[in-house]
Amino acid sequence: MRLILLGPPGAGKGTQAQRLVEKLGIPQLSTGDMLRAAVQAGTEVGKRAKAVMDAGELVSDAIVNAIVAERIDQPDCARGFILDGYPRTLVQADAVEAMLAERGIALDSVIELVVDDKALVGRIVKRAEDAQAAGQPVRKDDNPAVFEERLREYYKKTAPLTGYYYAKGKLKTVDGMASIDAVTAEIEKVLLETAR
Ligand code: AMP
């Protein structure tokens, strides 16, 4: 199963991806997590990405495409993977298509979590508070000012992907404003329908 989760920052892609990992036994490939790990490790990619991420802008297509192309060749991706936060631009979407075609594999589904923008800032603030309460590091970009930029980037560069995948007959939408369990149930329903 090769799956893409689409939706703005704070839509719940990461939470749902983690649940799908358990359910489907395939890994979650979060480019955000991979980039944060690179920043933490101080790699060349991390050094180039850090300021861009802190500003809430998108890292270059070339960097993220290379990270994903390398990651999907790891053995744990052989049975499939869940792309979370990637692709985020039309260039990246074309890159995914080329990567999969080169490997002779198909994309099964693209699920968009549809959410109300007004709720998103609140979710991000809560995510930062929860991380702090759990003694975990708080993401530098999880604050209202940077979030505004992340949302602008989303509308400028990522939102067009819904049309891109709709035109390919791949897009499924799920109400991301429902409870976490209800969203998971809805995604599972969509996946069952896709498998039919
Ligand atoms: P996320 O954890 O998905 O919210 O991503 C955090 C940040 O990492 C984003 O605001 C971008 O700066 C960067 N990033 C993550 N995924 C991508 C991507 N597919 N393309 C470009 N930048 C990305």
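From the backbone N, Cα and C atoms, a Cβ is placed for every residue, glycine too.
Source: prediction; values computed, not measured.
Record features, source TrEMBL:
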BINDING   GLY10, ALA11, GLY12, LYS13, GLY14, THR15, ARG127, ALA178  ATP binding site
REGION    30-59  region 'NMP'
BINDING   THR31, ARG36, GLU57, LEU58, VAL59, GLY85, TYR86, PRO87, ARG88, GLN92, ARG139, ARG150  AMP binding site
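Positions of TrEMBL features highlighted on the structure.
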| residue | record | Cβ within 10 Å |
| --- | --- | --- |
| GLY10 | ATP binding site | 25 |
| GLY12 | ATP binding site | 21 |
| LYS13 | ATP binding site | 25 |
| THR15 | ATP binding site | 15 |
| THR31 | AMP binding site | 23 |
| GLU57 | AMP binding site | 16 |
| VAL59 | AMP binding site | 19 |
| TYR86 | AMP binding site | 24 |
| ARG88 | AMP binding site | 20 |
| ARG139 | AMP binding site | 16 |
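Within the set of binding-site residues THR15, ARG88, ALA178, ARG88 have a CB atom less than 6 Å from some atom of ligand 1. Listed in sequence order, the binding-site residues from THR31, VAL59, ARG88 having a Cα within 10 Å of the Cα of ARG127 (ATP binding site) amount to none.
Of all residue pairs in GLY10, ALA11, GLY12, LYS13, GLY14, THR15, ARG127, ALA178, the annotated binders of ATP, the farthest apart have Cα atoms separated by 17 Å. Considering only the binding-site residues GLU57, VAL59, ARG88, ARG139, ALA11 (ATP binding site) has ARG88 as its nearest partner by CA-CA distance. It is 13 Å from the Cα atom of ARG88 (AMP binding site) to that of LYS13 (ATP binding site). On the backbone, the CA of TYR86 (AMP binding site) and the CA of LYS13 (ATP binding site) stand 11 Å apart. LYS13 (ATP binding site) falls within a helical segment according to DSSP.
It is ALA178, among the binding-site residues ALA11, ALA178, whose Cβ has the fewest other Cβ atoms within 10 Å in the structure shown. For the pair ALA178 (ATP binding site) and ARG139 (AMP binding site), the C-alpha distance works out to 25 angstrom. Closest to GLY10 (ATP binding site) in space, going by CA atoms and restricting to the binding-site residues THR31, GLU57, VAL59, ARG139, is ARG139.
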